[in-house]
Structure formats: C-alpha cells, structure tokens
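Marked as transmembrane segment by TrEMBL: 6-22, 70-94, 265-284, 291-311, 317-339, 360-381, 387-409. Residues annotated as region 'Disordered' in TrEMBL: 425-462. According to TrEMBL, the feature compositional bias 'Pro residues' maps to 439-449. If you look up TrEMBL, you'll see 450-462 marked as compositional bias 'Low complexity'.
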Amino acid sequence: MAILFMFLYQITFFNALMVFCCRREIASRHWLFCHKVTRKVEEKKKVPMGDSPEWTARLSSLIQFWPTRLLIFIVYLIYIVVSVNLCLALPLGLDLKLLAPDNSYVSDELMVQERLYNDFGTFCFGVIKTRGVNFGEPLERRRLTQVYDKLATGSDLVSAGEFWLRDFETEHEGKSFSYDVFLAHLFRFLSDPLHEKYKNDVRFSLTGHIEAIKLILRVRQVSPANDEPRAKFLRSTMKRSLLDGFIYDTSFLLVDQQMTTVENVVSNVVSAVVTMLVICVLMVPRLVSSLCVALAIFSINIGVVGALSAVKTRLDIISMITIVMSVGFSVDYVVHTTFHYVTQRSERLERCLRVMVEPILQSALSTAVGVALLGFVPSYIVRTFVFTVLFVVVIGVLHGLVFLPALLITASHHRTRLGVYDPTEVEYSTPPREEDSLPPSPPAAPPKTPIDAAAAATAPAATPAYRPVVKPRTTLAGTI
C-alpha cells in the first residue's frame, strides 16, 4: 500500500507541484515569496563535457582498464565466497528473548529459565485416538505403553511424565477383559483419590466408549537449539507407531515457523528476481543486459543475508520480511545503471557514470541517514530493519558503481544501443538570435543607378536566418 500510495502521489500531486515550480521559474519569480525578480541569469544551450566531475571520468577509465577489471573480478569472488559461508552459518528460528526490548526483565527472566531450569522444563503432551482400540486385550494396552516408553526414553531431550495406562497396568497387567469389564475397572481406577488426576486424560463418547487418551511427557534440556531435534524425534516416533495421534509442545510453533521460513525466503527471493528479470526485459530488451541485472540483484541479496549473519541476526519471520524487501531496494541501483549504459551512443561507461553517480550516492546517503535514526530504538525488530536497509544500500552502491559496470563493459555488446526518449532530436546549427523571432523583412528594392548596383555588389552578404537542423533518431537498436 505504501508503494502504491507513493506511485499515485508522484504522478498526481508531485508532478502538479513540479509544473507550478516550472511556471514560477519561467515567470522569474522568487523561489519562496513568488514576487517578480529583476536579476537575469544567462542560460546556456550547451554545457561542455569538461564541466562534469573529473573523478567520474577517472572512475570510468579505471574500470575500463583490464587489470582493474580482473582485480574487480577477484574481489567479487571473495565477496561471494564470504557471503555464501556466512549465509550457511545464519542461525535459524525465532528466539523469544529477542522479541522483548533490550534490557527488559522479560528477556532476563527467559535467560534465567534457560540457565536454572535447563534440565527439566515444562510438559508436552500427546493425543491418541482410540476408537478402534480394544482396551480389554492386554496386547493393545501393551502396545500403547510401549509407544509411550519409546517417546519417553528414546531421546535425552524428553523424559517420562504421567500416563494413566502405566499406573493402571500395575494392577491389571496381562489380564484380559471384555470391553464392559474393562470400563468398570477403569471407572473404579479413576474414582480412586490417588488416580482421579487422570480423569481429564481419558475422553469418553456419548455411548461410554473411549474416544481418545492423553499422554504427558517432560521436556528436558530446554534451549532454542534443541527445539527442532526434539520436535523431529517426537513426531517421527509417533508416526512410526502407526497410531492415529499427534504430539504437541509450545515450542513446535517456533519450529514450524523456522522450517517454513527458509523455504519462504528462497521462494520469495527467486520469484522476486524472476519478476524483476521480466520487467528488465521489457524496459531494456537486451537479454545479456537483463541477465546482468538479475545476477546483480541476486548477488546483492546474498550479500545482505551474509551481512545479517555477520551481525548475529537470526533467520526468522522478521528478517524474512526485510530480506524480501531488500529486493526492491536493490533494483534501483542496478536497473538504472544498466538502462543508461545501453542508451548511450558513445563513451557509454563514462556517460552512464556521469548521469548515475550523483543520484545513486545522494539516494543512498539520504536513505542511510533517514534509517540510521531508528538504530537508537532498543528493539530487535527495528534493529533488523535498520541493518537490512544499511547493508542493501552499501552493497547496492558497490554493485551499481563498480561490479555491474565492469560486468556490462565485459559482457554487453558494444555496437548496439537502445534509443529512447524522442524520435527526433533538434540540434541548432548556430545560437538563436533575438531577431530570428521577428517576421522576415521585405526584399530590398532593385538598385536604380549603376552606382547603387556597384555598391550592392560589393556589400557583404546578409546573414541567413537561423533555422534548426532536425536529425532523425532511431528508437530501436542502431549501429554506431
């Protein structure tokens, strides 16, 4: 919605405001008070090429020098290798301590819990549907207790909790009953004050049959690093038992989110890059140039993820949103550079850098300064956003002004250009004069005497009236 609002704002209100500013300048009015000013500023029809910053031309010459391009290629390889290694080391999952503000008592309390109650944590439970289970058969009861023992003793991350069937089997182990007799023993068992705590662990249907049972386990070695292994063990053990049931723990919410976050990040980034590639092909119908843009966008995102890993940011739902958002930031730095490169007729790199360096640096600096103010907010969410924007700005500028120009000048074809803007261009043969705007004077009368004829013959020829020279300009690819 914010992007849509900015788009509508720029094509409506902002454009209208620019029109009023243009009219004010044409009318020679003050920039603030809008009153008439008498000071005249001499306008120039052409600006010499030498007036541009010299360092832009030096940067262009430096990038075109093949040893420099080789050095840029080596630096880029180092950048990719380091970024990929950092991406592989990126910690996964959301840490609850990070959701609280910095130095909050909530995060301190969670840290104390992990330190003091690490061995034994809270309880998790499982539910098994038993509509087809005959509890009167000792083999069926033994099968359920064996599944519970596997869950409780199969891993160091879980231990036994409470299971009503184990206590029931201490008195009736190996005994065979009819279903009605079993229910009678069960009702007597649950009525005992020692075992009435199990009443909520057995669910009966309206007809008095057992629909489901609950088993309780104890969580051990409480730590965010152990949540995923514990969840995988419990779920796989229940699945191998071939029983209709499930295991649940509050940490499973974070585990499920963690497992889907990686897939969502990869799929969202790939889809965003493909979408940008299609848009680039429409804007810049040059396959090689469009592929360079897509490669640069993907490379920027790899660097951003690696940089987030370097500052100990976790890959969670918060960082996923900012990483996908960074795709939109990275487009500005590479698409415009490529577009201005392929539209230049000659001296492509120098002209492209002359046009793009200042806007890229200004936008990067303004974005970084505006976002850096949020860095003082003591919040993990805000800090992740600030880090993402700063990293995408720095890495995007590096790609837009160094890596991508070196790639374009190496891979892009040098003899084709993309013509845009107006189908014709007007170039003045001589500077326009004030008298050119006046109507042409009537032709001079023929001389009446030989003396006048001789004077007219020796007089200098009149300066021809100014006329613009219109040169056609192609709008598609041309040949230099």
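Even glycines carry a Cβ here, placed using N, Cα and C.
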Inset, instruction - Please figure out which one of 6-22, 265-284, 291-311, 317-339, 360-381 racks up the most CB pairs under 8 Å against the transmembrane segment (387-409). - result: 317-339
Inset, instruction - Residue list, the transmembrane segment (317-339) vs rest of chain: Cβ under 8 Å, 6 or more residues beyond ends. - result: 3, 94, 257, 261, 264-265, 268-269, 272-273, 276, 280, 283-284, 289-290, 292-293, 296-297, 300-301, 304-305, 308, 352, 356, 359-360, 363-364, 367, 380-381, 384-385, 388-389, 391-393, 395-397, 399-401, 404-405, 408, 418
Inset, instruction - May I ask for the residues of the chain that lie six or more residues beyond the transmembrane segment (291-311) and have a Cβ under 8 Å from a Cβ within it? - result: 79-80, 82-87, 89-91, 269, 272-274, 276-277, 280, 284, 319, 323, 326-327, 330-331, 333-335, 338, 384, 387-388, 391-392, 395-396, 399-400, 403-404, 407-408, 411-412
